[in-house]
Amino acid sequence: MTNIRKTHPLAKIINNSFIDLPTPSNISAWWNFGSLLGICLILQILTGLFLAMHYTSDTTTAFSSVTHICRDVNYGWIIRYMHANGASMFFICLYMHVGRGLYYGSYTFTETWNIGIILLFTVMATAFMGYVLPWGQMSFWGATVITNLLSAIPYIGTDLVQWIWGGFSVDKATLTRFFAFHFILPFVVSALAAVHLLFLHETGSNNPSGIPSNSDKIPFHPYYTIKDILGALFLILTLMLLVLFSPDLLGDPDNYIPANPLSTPPHIKPEWYFLFAYAILRSIPNKLGGVLALVLSILILAIIPLLHTSKQRGMMFRPISQCLFWLLVADLLTLTWIGGQPVEHPYITIGQLASILYFTILLVLMPITSIIENNILKW
């Protein structure tokens, strides 16, 4: 008699995705981030659900309802901080996952890669709207500044911004719709993640060497299930250390001041995980140019497969490309730092140089380096 997991319609899908899935035998810990992102998503949906039970999306009571969750709801404080810091862990895993894809040439699976980019945009939109909900000073002014960027779109910009706001400024209508979208989008992310996996399982996983691994595959369970559990333990340990010892480390103190349209905070900035894009936005004096650069800073990932000029897939055996990759990482860390600094000398210049370097590495230096490395191989 055949095992039920191989015959039952539902169990068969799970079996082919997580149990009997043929997996390359040499994938490293960098391949753990996919499962960690799944855990982050589940954690965010669960903590978010419990927060939504006590939260009110009205400008007069939103801030108080968050305070009520932290003070009066049983274990409300831990749920709130797990949700806030869970978002930070989510983005750490996301950026590691994308970085892994860039380093090892996983972007050659174009369908999987493109769905991944859509996922990244959706998660960023979800996180942005979530940051508005506590209705603190940074929530209000962050929402005002970022939504206002759409007014740079020629002809329809102003009307579009007012349509999104539901009025002439960020107000009650904006908060209510942001809460509705923030609630529904994680489920859209879940569906997209399923499609992401579907496309991945059409081709099978990449591996560190970049060489086809059809001749050397092992079952996902128990080898990689146990490895994923270890990764999950590290993730939960890091998250709980953040939540229990320094829950406000990554947040902004201004968000503990209730939103006040009459008082602008000295430095308006988004959460740390958007600072690199915010720095690129601020580097360009022109409003429309800044918005385009902001969108392109993420959308540039979509043309990476077209710029792949190397004869090898990953960077494992390409030392010059490796140096460029880590220069890109250092550049992104510099941009993140600049995004959190006030707009004054020398930060403006550093930000502009880092922004130029970011696009230059991806669009010019990496393709040229790959061609040079191809020629070195001939010697």
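In case you wondered, yes, glycine gets a Cβ from its N, Cα and C as well.
Per Swiss-Prot, the features are as follows:
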| type | residues | note |
| --- | --- | --- |
| TRANSMEM | 33-53 | transmembrane segment |
| TRANSMEM | 77-98 | transmembrane segment |
| BINDING | HIS83, HIS182 | heme b b562 binding site |
| BINDING | HIS97, HIS196 | heme b b566 binding site |
| TRANSMEM | 113-133 | transmembrane segment |
| TRANSMEM | 178-198 | transmembrane segment |
| BINDING | HIS201 | ubiquinone binding site |
| TRANSMEM | 226-246 | transmembrane segment |
| TRANSMEM | 288-308 | transmembrane segment |
| TRANSMEM | 320-340 | transmembrane segment |
| TRANSMEM | 347-367 | transmembrane segment |
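Sequence-distant contacts of the transmembrane segment (178-198) (same chain, six or more residues past either end, CB-CB distance under 8 Å): 17, 37-38, 41, 44-45, 48, 52, 55, 57, 112, 115-116, 118-119, 122-123, 125-126, 129-130, 132-133, 143.
For HIS97 (heme b b566 binding site), the nearest neighbour among the binding-site residues HIS83, HIS182, HIS201, judged by Cα separation, is HIS201. The number of other Cβ atoms within 10 Å of the Cβ belonging to HIS83 (heme b b562 binding site), over all protein chains shown, comes to 21.
Residues within less than 8 Å, Cβ to Cβ, of HIS201 (ubiquinone binding site) and separated from it by at least 6 positions along the same chain comprise ASN16, SER17, LEU21.
Annotation for HIS182 (heme b b562 binding site): same-chain Cβ neighbours under 8 Å, separated by at least 6 residues, are GLY48, THR126, MET129, GLY130, LEU133. Contact between the transmembrane segment (226-246) and the transmembrane segment (33-53) is supported by 3 or more Cβ pairs under 8 Å, counting only residues 6 or more apart in sequence. HIS196 (heme b b566 binding site) sits 24 Å from HIS83 (heme b b562 binding site), taking the CA atoms of both as reference points.
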